[in-house]
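Visitor: The region 'DHBP synthase' annotation in Swiss-Prot covers 1-199. Per Swiss-Prot, D-ribulose 5-phosphate binding site is recorded for 26, 27, 31, 138, 139, 140, 141, 142, 162. What Swiss-Prot records for 27 is Mg(2+) 1 binding site, and it gives sequence analysis as the kind of evidence. The Mg(2+) 2 binding site annotation in Swiss-Prot covers 27, 141. Positions annotated as site 'Essential for DHBP synthase activity' by Swiss-Prot, on the basis of sequence analysis: 124, 162. The feature region 'GTP cyclohydrolase II' is assigned by Swiss-Prot to 200-397. According to Swiss-Prot, the GTP binding site annotation covers 250, 251, 252, 253, 254, 271, 293, 294, 295, 315, 350, 355. Positions annotated as Zn(2+) binding site by Swiss-Prot: 255, 266, 268. According to Swiss-Prot, the active site, proton acceptor annotation covers 327, on the basis of sequence analysis. Marked as active site, nucleophile by Swiss-Prot: 329.
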């Protein structure tokens, strides 16, 4: 049904367009993608005629800095945190909207001699800043476009356009397959691109391994660094996890207030302890402790969110009030650590369906969701109910 990544790369190198699909539990859409280096008015016209979506240009942070492309908004509350910059037109264009002038703007964006002053703001081309690390960090079309360009040896920038059906609905896989057949276009998935990159590179390094006796039992503690940021993560491993059988796994995001101080605002501490105890009872398993404080927003911002909750906002509203998505965690680094440990099939201790989708997008298989529900307390009843109502957590309250 889908083509190999190598086939798509060959077409992209020839200036052709490919279709890239993301996870059905994410945006569940397909985009036309081309290399910005080879963009032509004809390609732009094809995209806007048959794609019907917004034409955007994924770029690296370096392009944005060189051309002084500021974020479109100061607080990005998009559910997928797509990093739009201010839109632009090259100063040589007139209205900037024609296929020819949009292609001109893209070509000049890549021109190493271009400066920030060479572009009018706002305009008709929408640059998007890809996360460093690409789809291994964030499984989005923005990162896929830049990754594909880099794998082709081209300038690290792409041109993308969402594919919309003639009736105005989003094109899903059956529609995209028909489109690919109609125009003889290669079609790939971000999941396959992740798998392709994983075979060629890694972002995590196993640094040190020790024996760690705990109140719950004795574990092997393995420390990891990663090349994306300065965060250090730790995996607590129990028993022989190399048998190929599904392994009990808990991916636990750091919560200083709950894990260390016993905060009753959340259920993180009890979940951590219960997971360790359950892994000990099983005789084998992994607890992966990720330094993603406050669902990824950091300790101080989590405390600021708590302050807003004291003023009547719920946990999701507080994050959004601070300019963050409800959940800023990404699972790419965690997935790489689990893969480094030799895991493929997981019995995942979680109440969060998004965590399952997040890990499965990185070539891991969740064979079973193992509930990890803690008794609610008066102080966290509202918090837990919000996680059910707004974040889709599976809890019986």
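Using the three backbone atoms N, Cα and C, a Cβ is placed for every residue, glycine included.
How buried are these features, and what lies next to them?
Guide: The average pLDDT computed over the region 'DHBP synthase' (1-199) stands at 94.
In the three-state DSSP classification, residue 31 (D-ribulose 5-phosphate binding site) falls within a strand. Of all the Cβ atoms in the protein chains shown, 31 others lie within 10 Å of the Cβ of residue 31 (D-ribulose 5-phosphate binding site).
Every protein chain shown contributes to the tally, and the Cβ of residue 141 (D-ribulose 5-phosphate binding site) ends up with 29 other Cβ atoms within 10 Å.
Cβ neighbours within 10 Å of residue 124 (site 'Essential for DHBP synthase activity'), excluding its own Cβ and spanning all shown chains: 18. DSSP assigns residue 124 (site 'Essential for DHBP synthase activity') to a strand segment in the three-state reduction.
When secondary structure is read from DSSP and collapsed to three states, residue 162 (D-ribulose 5-phosphate binding site) falls in the strand class. The number of other CB atoms found within 10 A of the CB of residue 162 (D-ribulose 5-phosphate binding site), across every protein chain shown, is 19.
For residue 252 (GTP binding site), applying a Cβ distance below 8 Å and a minimum sequence separation of six or more within one chain yields 268, 271, 272, 275, 287, 288, 289, 290.
In the three-state DSSP reading, residue 255 (Zn(2+) binding site) counts as coil.
Taken residue by residue with DSSP, residue 327 (active site, proton acceptor) is part of neither helix nor strand, so it is coil. The 10 Å shell around the Cβ of residue 327 (active site, proton acceptor) contains 22 further Cβ atoms across the protein chains shown.
Counting only residues at least six positions away in the same chain, the Cβ atoms of 253, 290, 292, 295, 296, 358 sit under 8 Å from the Cβ of residue 329 (active site, nucleophile).
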Visitor: Could you name the residues, excluding 255, 266, 268, of the same chain that surround the Zn(2+) site, i.e. Cβ within 8 Å of the Cβ centre of those residues, in sequence order?
Guide: 257, 258, 259, 263, 265, 267, 269, 271, 272
Visitor: Minimum Cβ neighbour count within 10 Å among the binding-site residues 139, 266: which residue?
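Guide: Looking at the binding-site residues 139, 266, the Cβ with the fewest others within 10 Å is that of 266.
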Visitor: Please report the DSSP secondary structure of residue 350 (GTP binding site), reduced to three states.
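Guide: Residue 350 (GTP binding site) sits in coil per DSSP, no helix or strand.
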Visitor: Rounded to the nearest Å, what's the C-alpha distance separating residue 254 (GTP binding site) and residue 124 (site 'Essential for DHBP synthase activity')? Just drop the number here, would you?
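Guide: Distance (Cα to Cα, whole Å): 41 Å.
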Visitor: Going along the chain, which residues six or more apart from residue 255 (Zn(2+) binding site) have their CB under 8 A from its CB?
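Guide: In sequence order, the residues whose Cβ lies under 8 Å from that of residue 255 (Zn(2+) binding site) (at least 6 apart) are 263, 266, 268, 269, 272, 293, 294.
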